[in-house]
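Asks: I am attaching a structure below and will ask some questions about it afterwards.
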Amino acid sequence: MTTLIIKGARVLGGQPADLLLQDGRIAAVGERLSATGADVLDAGGLVALPGLVDLHTHLREPGREDAETVETGSRAAALGGYTAVHAMANTDPVADTAGVVEQVWRLGQQAGLVDVVPVGAVTVGLKGERLAELGAMADSAARVRVFSDDGHCVADPALMRRALEYVKAFDGVVAQHAEEPRLTVGAQMNEGDLSARLGLTGWPAAAEEAVIARDVLLAEHVGARLHVCHVSTAGSVEILRWAKSRGVRVTAEVTPHHLLLTEACAGSYDPVFKVNPPLRTDADVAAVRSGVADGTIDAVATDHAPHAVEDKESEWAQARPGMLGLEQALPVVVETLVEPGLLDWAGVADRMSVRPAAIGRLTGHGRPLVPGEPANLLLLDPAARAVVDPAALASRSRNSPYAGRELPGRVVATFLRGTATVLDGKAQK
Amino acid sequence: MKRHLLDAADLDRADATLVLDTAAQIDQALAGREVKKLPTLRGRTVVNLFYEDSTRTRISFELAAKRLSADVINFSAKGSSVSKGESLKDTALTLEAMGSDAIVVRHGASGAPHRLAHWVRGSVVNAGDGTHEHPTQALLDAYTIRHRLGRLDGVRVVIVGDVLHSRVARSNVWLLSTLGAEVTLVAPPTLLPVGVGSWPVEVSYDLDAVLPKADAVMMLRVQAERMNASFFPSAREYSRRYGLDAHRMAALSGEAIVMHPGPMNRGMEIAADVADSVRSTIVEQVGNGVSVRMAVLYLLLGGASS
């Protein structure tokens with residue numbers, strides 16, 4: 001294994017320092033480091049952050065390899081600065097057995113660009129009727145700790161209660177897609193002034209908030225861990241703030257697109273902006289940003305959702321919901337949180353690496369950049385700005401909502417246990 | 001005029017008035033003529049691309065195009081390549097490759113005409129998209145009001161019924177307010193969209209309270225599928241509270257008119273004797289629809305030489 005000295009990187013945006021990577025670990029951090037036979041990487045002006053951890057990625061394999069594979073999604077993740085991604089369970093077949101989660105885990109190992117951590121389905125076939133074999137998935141080689149029916153809400157309150165209780169046996173967490181299905185039949189976009197005008201069926205904020213309110217009460221009652229996926233409304237942030245003040249063991253994530261974009265994008269009827277939960281209002285965007293800033297929202301998670309061209313190049317109502325996120329997540333965070341002064345680089349590390357790793361119980365990720373720790377890190381050029389070109393993305397799909405938009409920050413290099421997965425902005429395999 | 005007619009919300013006062021004035025000129029030009037046909041669009045091809053059943057709107061557009069001497073192709077989603085899974089984009093590109101100059105589209109999905117307009121070079125006319133808009137219906141309604149009452153400025157129009165799901169209501173709200181009319185929406189609260197507060201209209205839940213001040217009352221069709229979805233307790237209760245019968249019609253002032261975009265549910269939102277009364281413009285609206293659609297096709301395809 002190579003030895004590498006990263007010269008002059010600003011760890012968490014601090015003073016320039018050198019990092020010595022050796023045998024997959026950070027061997028030393030300091031000034032004017034040297035080592036015989038070491039390669040040297042000039043990182044002047046670059047910010048070093050712990051490798052990012054995504055709690056919410058759709059890799060589409062098995063089943064929709066035309067939209068994404070574990071390998072192409074891993075490459076997109078590495079280019080985005082990630083060293084670990086949680087692969088959601090709504091594949092075909094659904095990841096609701098030890099066999100499927102082990103398959104996804106193995107494909108991730110083979111790709112070798114990030115640690116692919118499978119999420120297990122809460123219920124068989126995501127149908128919301130009976131629990132999948134959660135224990136078998138937890139005990140499998142994939143060591144599943146995060147369980148989610150994402151794409152569907154575990155709407156049955158009794159079943160949700162049982163799931164929350166059951167995963168306590170192996171320190172698991174249920175990641176809830178909070179959407180009361182009876183309130184969102186046929187829903188296409190945020191319900192409000194604009195949906196009324198566009199004639200698109202509304203997805204009311206209350207459909208998300210009602211489920212979050214219910215679930216934090218259930219989590220409190222049974223003393224279980226709850227994670228809330230893709231929080232999108234100001235009301236949800238308020239409920240989470242209240243629950244945390246009561247000591248409920250709840251964590252939450254927000255997506256890059258809910259930090260940056262609003263429902264106004266739907267005015268074009270271009271389904272690249274169709275997503276579930278939908279893009280919300282300016283007030284909601286402000287609320288989720290401040291939720292991340294004050295820690296009410298623990299993590300930024302991509303909900304990277306690749307879709308084939310034909311699933312997006314259609315009428316709005318016919319299109320599949322979801323948008324790409326892995327390669328632009330960090331630039332969006334820089335744009336929406338760092339540059340406005342809501343979050344410093346330590347905060348970015350916390351919300352995009354430390355806390356997501358803790359929620360997923362990943363021991364080798366989200367660690368401080370100090371000697372002895374695994375060399376999972378990224379180097380970011382915060383001064384660079386680039387216009388997003390979907391055709392240039394590593395993802396197999398092109399449904400980026402940021403097409404043509406200039407965003408700050410360029411991931412120059414990513415290291416997974418000391419090995420460069422990205423160098424000079426290019427994937428190494 | 002712009003290249004497409006996608007929404008009434010997009011029409012400014014000048015363009016909307018131009019359509020109505022052009023329709024009036026067409027009516028005058030054809031009045032009393034034996035051959036009701038103008039040579040204006042000879043050699044141009046208009047495609048009626050209908051993804052929903054709508055006999056009256058399709059026939060109206062077909063007649064409008066034929067009276068302007070255009071070639072007309074009717075493309076129904078049933079029994080076509082669409083039922084084999086062809087996408088809207090592929091269908092649009094196919095029709096354009098065959099030389100269509102304008103596509104008149106009726107579609108169940110809101111915004112489908114906007115998508116279409118991205119993919120084709122010719123003009124797109126929205127003939128009704130989902131629960132979004134139906135701009136030519138609003139234009140023919142405005143034309144009818146102006147024809148009957150002599151003006152639109154300050155005219156008080158009451159629109160009654162399922163506003164939530166009605167593209168006719170949406171188009172009329174935007175167009176009539178652009179043209180200076182005062183619009184009041186009347187419906188049970190369940191059939192008004194969240195967000196209606198931002199529209200340039202008054203809202204009432206009480207039909208009897210607003211009728212005496214109305215110059216025109218537009219009754220909307222209540223779709224059968226709303227009956228069992230708890231939007232209102234029963235068809236009878238809806239009819240009692242929001243239907244227009246002869247008793248209610250008696251509250252209308254002197255020259256006030258009663259409109260309906262059709263097809264009607266007689267006995268539900270409108271009583272038979274109201275529909276057939278002298279106040280009713282329902283048959284007139286159908287005739288005006290052809291003139292207004294001729295004006296739209298002429299202005300989009302014939303060049304705005306007027």
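In case you wondered, yes, glycine gets a Cβ from its N, Cα and C as well.
The domain 'Dihydroorotase catalytic' annotation in TrEMBL covers A:47-234. Annotation comment: TrEMBL describes A:His56, A:His58, A:Asp150, A:Asp303 as Zn(2+) 1 binding site. Here TrEMBL flags A:His58, A:Leu59, A:Arg60, A:Asn90, A:Asn276, A:His307, A:Pro321, A:Gly322 as substrate binding site. Per TrEMBL, the feature Zn(2+) 2 binding site maps to A:Asp150, A:His177, A:His230. What TrEMBL lists as active site is A:Asp303.
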Asks: Want to know which binding-site residues, from A:Asn90, A:His177, A:His230, A:His307, A:Pro321, are within 10 Å of A:His56 (Zn(2+) 1 binding site) at Cα; which are they?
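Replies: Correct set: A:His230.
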Asks: Taking A:His230 (Zn(2+) 2 binding site) as the reference, which of A:His58, A:Arg60, A:Asn276, A:Asp303 (the binding-site residues) have a CA within 10 A of its CA?
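Replies: The binding-site residues close to A:His230 (Zn(2+) 2 binding site) (Cα within 10 Å), listed in sequence order, are A:Asn276, A:Asp303.
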Asks: Among the binding-site residues A:Asn90, A:Asn276, A:Pro321, which ones place their C-alpha within 10 angstroms of the C-alpha of A:His58 (Zn(2+) 1 binding site)?
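Replies: Taking A:Asn90, A:Asn276, A:Pro321 one by one, the ones whose Cα falls within 10 Å of A:His58 (Zn(2+) 1 binding site) are A:Asn90.
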Asks: Near A:Asn90 (substrate binding site), which of the binding-site residues A:Asp150, A:His177, A:Asp303 can be found within 10 Å, Cα to Cα?
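Replies: Hits: A:Asp150.
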Asks: Compute all pairwise C-alpha distances among A:His58, A:Leu59, A:Arg60, A:Asn90, A:Asn276, A:His307, A:Pro321, A:Gly322, the residues listed as binding substrate, and give the largest one in whole angstrom.
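Replies: Value for the max Cα separation, rounded to a whole number: 17 Å.
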Asks: Between A:Asp303 (Zn(2+) 1 binding site) and A:His177 (Zn(2+) 2 binding site), what C-alpha distance do you get in Å?
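Replies: The separation of the Cα atoms works out to 11 Å.
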Asks: Counting Cβ atoms within 10 Å of each candidate's own Cβ, which of the binding-site residues A:Asp150, A:Asp303 comes out highest?
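Replies: Most Cβ neighbours within 10 Å: A:Asp303.
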Asks: Rounded to an integer, what is the Cα-Cα distance in Å between A:Pro321 (substrate binding site) and A:Asp150 (Zn(2+) 1 binding site)?
Replies: 12
Asks: Taking only same-chain residues 6+ apart in sequence, whose CB is under 8 Å from that of A:Asn276 (substrate binding site), what do you get?
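Replies: Residues satisfying the criterion: A:Gly151, A:Glu179, A:Trp203, A:Pro321, A:Gly322.
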Asks: Quick check for the class: what is the C-alpha distance, in angstrom and rounded, between A:His177 (Zn(2+) 2 binding site) and A:Asp150 (Zn(2+) 1 binding site)?
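Replies: Between the alpha carbons of A:His177 (Zn(2+) 2 binding site) and A:Asp150 (Zn(2+) 1 binding site) there are 5 Å.
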Asks: Using the alpha carbons only, what distance in Å do you get between A:Asp150 (Zn(2+) 1 binding site) and A:Arg60 (substrate binding site) once rounded?
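Replies: A:Arg60 (substrate binding site) has its Cα 13 Å from the Cα of A:Asp150 (Zn(2+) 1 binding site).
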Asks: Counting only other Cβ atoms and using a 10 Å cut-off, which of the binding-site residues A:Pro321, A:Gly322 scores lowest?
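Replies: Selected from the binding-site residues A:Pro321, A:Gly322 on minimum Cβ neighbours within 10 Å: A:Pro321.
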Asks: When DSSP states are folded down to helix, strand and coil, where does A:Asn90 (substrate binding site) land?
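Replies: A:Asn90 (substrate binding site) sits in coil per DSSP, no helix or strand.
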